[in-house]
Amino acid sequence: MEVVDETEALQRFFEGHDINGALEPSNIDTSILEEYISKEDASDLCFPDISAPASSASYSHGQPAMPGSSGVHHLSPPGGGPSPGRHGPLPPPGYGTPLNCNNNNGMGAAPKPFPGGTGPPIKAEPKAPYAPGTLPDSPPDSGSEAYSPQQVNEPHLLRTITPETLCHVGVPSRLEHPPPPPAHLPGPPPPPPPPPHYPVLQRDLYMKAEPPIPHYAAMGQGLVPTDLHHTQQSQMLHQLLQQHGAELPTHPSKKRKHSESPPSTLNAQMLNGMIKQEPGTVTALPLHPTRAPSPPWPPQGPLSPGPGSLPLSIARVQTPPWHPPGAPSPGLLQDSDSLSGSYLDPNYQSIKWQPHQQNKWATLYDANYKELPMLTYRVDADKGFNFSVGDDAFVCQKKNHFQVTVYIGMLGEPKYVKTPEGLKPLDCFYLKLHGVKLEALNQSINIEQSQSDRSKRPFNPVTVNLPPEQVTKVTVGRLHFSETTANNMRKKGKPNPDQRYFMLVVALQAHAQNQNYTLAAQISERIIVRASNPGQFESDSDVLWQRAQVPDTVFHHGRVGINTDRPDEALVVHGNVKVMGSLMHPSDLRAKEHVQEVDTTEQLKRISRMRLVHYRYKPEFAASAGIEATAPETGVIAQEVKEILPEAVKDTGDMVFANGKTIENFLVVNKERIFMENVGAVKELCKLTDNLETRIDELERWSHKLAKLRRLDSLKSTGSSGAFSHAGSQFSRAGSVPHKKRPPKVASKSSSVVPDQACISQRFLQGTIIALVVVMAFSVVSMSTLYVLSLRTEEDLVDTDGSFAVSTSCLLALLRPQPPGGSEALCPWSSQSFGTTQLRQSPLTTGLPGIQPSLLLVTTSLTSSAPGSAVRTLDMCSSHPCPVICCSSPTTNPTTGPSLGPSFNPGHVLSPSPSPSTNRSGPSQMALLPVTNIRAKSWGLSVNGIGHSKHHKSLEPLASPAVPFPGGQGKAKNSPSLGFHGRARRGALQSSVGPAEPTWAQGQSASLLAEPVPSLTSIQVLENSMSITSQYCAPGDACRPGNFTYHIPVSSGTPLHLSLTLQMNSSSPVSVVLCSLRSKEEPCEEGSLPQSLHTHQDTQGTSHRWPITILSFREFTYHFRVALLGQANCSSEALAQPATDYHFHFYRLCD
């Protein structure tokens, strides 16, 4: 231990302050000197600016030391032992956050402690001599923080100061410390302290003092902080950085320089005198309510202060892991300056920061190679930046310094940093400050720092120590920009439009293996750096409001708020605005681009979706906005409009009321945008109105035409009645007499048709009317004559299947019994005026199963017949000449019947088997007609026995035209499409050998005779508009109530598999169902026979459409049944209900 006598102590004291007679007794406090003289061992005292070299020493006990730099402040954790105990033994005095009395900030050559606590002497910094009787002036605004590597005067040290030297020259890395013991266990016992020494201490040292940490509550029994989740610590750290400190009590205190501090012992009074203190004292947060207070500190060492004194080192801020998230942490100490609510107050215009180049930020990893959460990082500009309303930017004077405070919260204990080359071990952390140009961010602006002698030197990065789970506060002061911005001069008292700006960048970087990696960085708003006095630029009367170039006008540069001090637009008014004129908006086409016409239909839809409501504003909002709360309003809701028209709604940030209530993300509506939507909607309504007017005009014209036609009909009826009741001489009288009574009517009609009545004479009109009446009378007489002639012709000729059957000319007798399978008929070949003779076979169903007579009808088509009496042939040939299809001579079937299909039921259908017969002609020209021999074979499809089924949900699609019988479909108003399919196969044919079905008339009971029988009123083939009427009925009782059989001729050129549609109409709603499809011949094509019918569905309504197909047979028959609504059934049991059967027999004309 170095022994210093009293004389040398006095010499050191006075040399350190250079007073030389300038000191007065009232300005000197010699209490510290007197205490040193009176005490035997004053090893716990620390003198400023000791000129003689001293040996290094380290404190190995658990008591924290006084911070060596005013800018780095740490708070020791409560209950967890001393702060250095978390990271092993304390580092030597050159520690980056030094725990001794020097202020070398890691830049002094302080080596590690040697064994025994001694080491080489540290060279003192030479002091600049001062003139006798004078004191050095304080630097500008001496209340600022002076935290930067202390400027060393040695040239070789100045040349070698780099971030690398900061890491290795200053302090040994804290990453090399052993892991700390658990917080709930006491730290290792402190070893005996080595002999202390007093290194060099700078004169003008300004430090910020923190109050002593109070005794906090002890941890709960058995509660281990390491077992708690890591995210709670992260939330606490983030809460610390964002903590609003408005509720903390503040007490203003006077700023004092270190040279004015009275010498005293190292207690709280002496520390408050030596250390510069910001306005407001530090207040600890209240204790946790569930903790019982107990002393958290370990046994005090030799240098530990008493219970009422202040520790020499206020350690870093630590968030207790046991503290629940969201509540104030008992381990946090906040000063009312840095964490006060002044920075959060929107009225306080402080410079804002935002992250800078986040894509270049590196990631930290712990010793287990696990990625650590992102550290919390916040930057505050405490001093030096003033907001200029005229320039709308922050202004910094180059000769005045600024100050920056950084809060860094480290989550976890980092050991490695992730680089493009992989993980690298960390050496140290440091802060780097520099400026950039707004127009060129790659151009860097150097930052300078003023010294105590008012000299400026380049600012070097600041080495910081970041313990885990703590927040470190670093304050860097007395900073200056090395240059000013360009174009600072005003033009005519207004801001220069070519003004250039700087931005300040504060970055936290990590050093690893001679490389620097950015961990976090923030960049400030635009800054104007001026070299002149701000009084030359700022003027409260000229800059804010001044006269403009136009007479009687006032100019203001910036935003204007009326009844509000936070305008976010050019003009914000809280209250009503009365405008006697108009509001103008720019609308010149020359100032617009991408002009596109809108769809007014969509605008009408959007307007129709908007909801108008009546409402009143809440009283707290009305008071803040300056409007009346009781006045009812009508308008829209912004949230609803945002869903319909997002561009009409804008977010204006948080709305704070006078009572403190806040509406986050307050929404406002652009009513001008909604007005334009209304314009488009009105245009669309105009279009609809024009269309309606056009249609109304058309309807009016049609109504006028119908009125004219009705008047003409009335005139015609009057003329025809006069023609039939009077003689020819009375026609003129009937036409002239009413003329005298109708001049106004004729005049009104002529005025509507012809504008000039003089152009048409009265005599011309009379003649025209008489001529019309005569022509009408002649037409009526002609129509009557033709009708009488047609009735007589129909009596002579009987219409059968589109041709006339001449019963008197052809012999239809000789129907004698023949063997089963054929019949014989003779027809004379006479020279009548008939065309091609056609032999057809029309079976007559009887009740006898064994004997089935056949009727051979000789039908001819007249070469010349009366108009309207000819039967139309179904001819659907699209190309001429049409090839003859399915007209080959019929083949003789084998005597044995075919095999029955699997779906065949022989008890349902019986097709007649005609008996073989011969056809003899007359004596002159008698020809034996060919006999068709069909033995017990009748091809057909039947659904007899299949009951009524409900509607199926899954309907099969229609078959392709290649299928012989595509899906049948009946169309009605309330009937779905129905279908049945099947590609014909030879083996799938169904044979009908049972007795014939009895008709409904035979099976009905007497009680049903009085009930109305459902029937069809009209039948038509839609494809060629061919109506099927009674002309297609066969002679006899083929068409009678309850059973209608139509014989429809098909031309030989009609292609096979042609799909047609039967349109069946009824006067009342009925049900129609397809019961069977039959044919008695062999098919014309192999493999073209339809399969068995599936279950059919009836169609209901008054209009029914059923698809049918021209099959590959010469003859085939469709059987439909019409019944009451919902009672259609093809089974024999359904015959007791009123029903009507319709048979459509198609046959080819192959002559």
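Keep in mind that glycine also has a Cβ here, set from the backbone N, Cα and C atoms.
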Do you know which of N516, N1129 is annotated N-linked glycosylation site by Swiss-Prot? N1129
Among K123, K276, K745, K953, residue that the record in Swiss-Prot marks as N6-acetyllysine: K123
Write out how many residues of the domain 'Peptidase S74' (587-696) are helix, how many strand and how many coil, based on DSSP. 56 helix, 16 strand, 38 coil
Can you break down the motif 'Nuclear localization signal' (491-494) into helix, strand and coil residue counts using DSSP? 0 helix, 2 strand, 2 coil
